[in-house]
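Everything on this sheet refers to the single structure shown next.
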Amino acid sequence: MAEGVRRRRKEQQEQQQQQQQVNGFKHEQEAALLDEFSSGSEDDGPATLPQNHHLESGLRQAWSSSAKEWAAVVFSPRNVVTLVYALSYTLSIPVLPFMARRHLYGYRDEFVGPDGKVMIDESPGVPEAWRGIGYGCVMSGYYATKMIAAPLIGFLSDRVGRKMLLVVTFLGSCVTFTLTCLMGRHSLHGLVLCRLLLGCFAANGALMMAYIRDSVPREAQASAFAQHSAAWGMAYVVATPLLAALREDPVRCLVLAAVCMALAALLV
């Protein structure tokens, strides 16, 4: 029995020695790795970084390149042009009801003339029975002429090119917004006439989509059309603080809309 006890003690001692050797070997490996990653030789430079750090660096570079590609796509000239000319419409549409109401319900403005005398600009408005028709003419006149002019502009763009017609429609819209500032504020007939004239140059969206189809590869056209729609959505978002900053003044909004159209004609 005493011999069995001695044998078990001997086995326990051997196990403890083996465990100490294993622990010592682990400590040596950890020390060697720590020396390798914390310092390097002068010839070879810094030691090789761990594999996890390589993975993190690769992900960072991929994210950086993806962000650059995303920015290049979002701020491409095509999308910037779409945003600028769409902004002119989103700035002008909200002020039209106020301009129409001014003429339909009448107004009275007093101002000082060049000779220092007080002058009065007033209008009695229109009869109540005609106010709905007048408002409808202001809003639908644009679409009435657009229905006629858009197919003709599309037909011409097939012959002379998309860019030339885009420049013509942008400049025509710029002139029309300027005329709306001058004529639309003082006469209901002038406002309706300007809306009819604006509809003659309202094929910008169709021309832009045709330009996308002609210039963008087939496999990327779906993405390009989606970006076109997103630019229109962004124009509505941007127009909201601009209208608040301009205090919904029709003259300021229409002037800015004319400037946007002129800028789109330069960028196209």
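Heads up, residue numbers simply count up from 1 along the chain you see.
Each Cβ is built from the backbone N, Cα and C atoms, and glycine gets one as well.
Positions annotated as region 'Disordered' by TrEMBL: 1-26, 33-52. Positions annotated as compositional bias 'Basic residues' by TrEMBL: 1-10. TrEMBL lists 74-268 with the feature domain 'Major facilitator superfamily (MFS) profile'. The transmembrane segment annotation in TrEMBL covers 164-183, 190-212, 224-244, 251-267.
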Next item on the list: With the transmembrane segment (224-244) as the reference, find which of 164-183, 190-212, 251-267 contributes the most Cβ pairs under 8 Å.
Entry: 190-212
Check: Residues of the same chain, at least six outside the transmembrane segment (164-183), with any C-beta under 8 angstroms of its C-beta?
Finding: 85, 88, 92, 153, 156-157, 190-191, 193-195, 197-198, 200-204, 207-208, 211, 250-251, 254-255, 257-259, 261-262, 264-265, 268
Checklist line | Positions on the same chain near the transmembrane segment (190-212), where near means CB under 8 A and six or more residues out | finding: 78, 81-82, 85, 96, 99-100, 103, 134, 137-139, 141-147, 149-150, 153-154, 157, 162-163, 165-166, 168-170, 172-173, 176-177, 179-180, 183-184, 221, 224-225, 228
Checklist line | Integer mean pLDDT for the domain 'Major facilitator superfamily (MFS) profile' (74-268) | finding: 88
